[in-house]
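K.L.:
Straight out of TrEMBL:
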type	residues	note
TRANSMEM	B:12-36	transmembrane segment
BINDING	B:His28, B:His70, B:His113, B:His156	heme binding site
TRANSMEM	B:56-79	transmembrane segment
TRANSMEM	B:91-115	transmembrane segment
TRANSMEM	B:143-170	transmembrane segment
TRANSMEM	B:182-204	transmembrane segment
Amino acid sequence: MSEEKNITLIVTRQDDPESEPYKETFSVPYRQNMNVISALMEIRRNPVNADGEATTPIFWEMGCLEEVCGACSMVINGEPRQSCTALVDQLEQPIKLEPMTTFPVVRDLAVDRARMFDSLKKVKAWVPIDGTYDLGPGPRVAETKRQWAYELSKCMTCGVCLEACPNVNSKSDFIGPAALSQVRLFNSHPTGEMHKSERLQSIMDEEGIMGCGNAQNCVEVCPKGIPLTTSLAALYRDTALESFKSFFGSDR
Amino acid sequence: MAGSRGYVNRRLHSLLGVIPLGVFLFQHLTTNFFATRGPEAFNTAAHLIEGLPYRYVLEIFIIFLPLLFHGIYGVYIAFQSNFNVNRQGYFRNWMFVLQRITGILTLIFVAWHIWETRVAIGFGWEELNYQLMEDILTQPFFFWFYIVGILSVTFHFANGLWSFFVSWGITVTPRSQRIMTYVSLVVFLALAYIGVRTVIQFAYGV
Ligand code: HEM
Ligand code: SF4
Ligand code: FES
């Protein structure tokens with residue numbers, strides 16, 4: 001089995017955020033159990049394209065290499081996913097690599113997901129503790145709640161759900177399902193719950209929950225299997241109750 | 001604060017789609033269905049509705065204002081979406097696209113329908129009776145225009161009912177949402193039957 005085999009990759013490249021994208025084809029030697037990242041590393045080691053011309057190495061992002069950091073997302077054969085868990089043996093050839101379209105391209109396959117982190121700030125996706133004195137241990141979480149909340153905590157801000165959503169685009173300000181689901185996560189936390197109202201208020205606009213159109217692609221594509229549409233529907237309910245409480249008045 | 005203006009507008013858009021527009025749609029199709037019992041039955045039913053007290057108030061607040069708001073805001077919502085069923089060919093994504101397409105078709109159909117009936121009657125160009133609809137629907141073009149229009153409106157309402165149940169946080173679990181899909185399908189089939197059956201009555205007298 002020492003026969004030389006090559007795999008072909010067609011990469012959509014872009015030199016800087018402003019320049020025009022172009023396609024470049026590469027041929028790299030096949031190794032067993034290769035993933036897309038190892039193919040990209042091979043090109044980086046020997047930056048020569050399929051026509052034998054020397055070129056610049058391809059730029060991409062990665063971190064964990066085990067699908068928990070979300071940095072390496074790109075569109076592989078038309079499907080947004082993580083390149084670290086995209087196994088070459090399971091992909092059709094030639095393998096087409098493109099940057100995700102929802103985010104500004106930094107260079108080649110690397111995109112700037114800053115909008116996702118800004119969204120997390122918008123929705124206050126944290127538990128505030130002021131740190132000036134010891135608050136002691138917080139209340140315990142019921143096991144049933146811990147189980148579903150844990151699923152929500154798996155989000156790695158990879159951007160795949162935003163890429164799949166028809167309402168996340170340049171015509172709308174919708175922040176997408178990922179950050180919204182975090183509102184449900186932090187509202188379920190016994191200490192985080194103390195700021196439930198504030199978080200709900202932060203998503204009661206068109207950028208937030210009202211930007212959702214129930215196309216439900218997000219839940220189909222999320223690599224972590226997060227029940228995004230359940231989170232969205234739960235937030236629809238919570239924001240409806242929140243508006244009744246804040247308009248008609250109630251102890252909060 | 002009870003949310004931003006965008007929030008209130010969306011909530012209002014969603015609510016108006018069902019109450020009063022959905023309720024009115026049901027009432028309207030039911031009244032028209034009297035046509036299947038013959039011209040007299042239809043005329044009696046239509047004149048009962050026409051003769052309702054404070055009719056203009058009812059028309060303005062139950063039909064025209066909600067329709068204008070929901071319709072115009074609906075166009076704004078529809079044009080904010082990028083359709084991507086070519087990449088994400090899931091069932092719900094198709095429904096999402098159809099909801100927007102049928103919304104636009106509904107706008108065209110309803111605008112014409114109101115012009116040709118309510119406005120024409122209001123100006124005294126026409127009189128409300130069986131004959132009016134028979135004259136319209138025996139023309140092949142308008143027969144098909146009404147069929148497409150009625151299928152669009154009833155689909156838009158039935159599928160809208162599904163998303164209404166999500167938008168107000170009634171159906172949260174995947175299971176309840178799936179069952180609601182079947183319920184909305186039944187609503188669509190029932191309303192579409194009522195509407196199409198009535199059109200066939202006017203067009204062919206059977
Ligand atoms: C006149 C033209 C109309 C247009 C352009 C239009 C457009 C739309 C659009 C784009 C949506 C999707 C909203 C979203 O998912 O965020 C929608 C929802 C809806 N529409 Fe319409 N629509 C029209 C007329 C009607 C009529 C006549 C009815 C009732 C018979 C109706 C009932 C509904 C319902 C129940 C919803 C669901 C609301 C929700 O998701 O909460 N629409 N409409
Ligand atoms: S919700 Fe899923 S698809 Fe969306 S960013 Fe988080 S991990 Fe990625
Ligand atoms: S490198 Fe972290 S998810 Fe792929």
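Using N, Cα and C of the backbone, Cβ positions are placed for all residues, glycine too.
Predicted automatically and left uncurated, TrEMBL annotations should be read as such.
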K.L.:
By a Cβ-Cβ criterion of under 8 Å, what residues six or more beyond either terminus of the transmembrane segment (B:182-204) are in contact with it?
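P.N.:
That would be 25-26, 29-30, 32-33, 35-36, 130, 133-134, 136-138, 143, 146-147, 150-151, 153-155, 157-159, 161-162.
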K.L.:
Report the residues of the chain - excluding B:His28, B:His70, B:His113, B:His156 - with C-beta within 8 Å of the mean position of the site's C-beta atoms, for the recorded heme site, in sequence order.
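P.N.:
So the extra residues in range turn out to be B:Leu21, B:Phe24, B:Leu25, B:Leu67, B:Thr106, B:Phe109, B:Val110, B:Val153, B:Phe157.
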K.L.:
At 10 angstroms around each C-beta, which of the binding-site residues B:His28, B:His70, B:His113, B:His156 has the fewest other C-beta atoms nearby?
P.N.:
B:His28
K.L.:
Where does B:His70 (heme binding site) sit by DSSP, helix, strand or coil?
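P.N.:
In the DSSP reduction, B:His70 (heme binding site) maps to helix.
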K.L.:
Taking the residues B:His28, B:His70, B:His113, B:His156, which the record names as binding heme, find the longest CA to CA distance and state it in Å to the nearest whole number.
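P.N.:
Between the outermost Cα atoms of B:His28, B:His70, B:His113, B:His156, the distance is 18 Å.
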K.L.:
Anything from the binding-site residues B:His28, B:His113, B:His156 with its Cβ under 6 A from ligand 1? List those in sequence order.
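P.N.:
B:His156, by Cβ distance under 6 Å.
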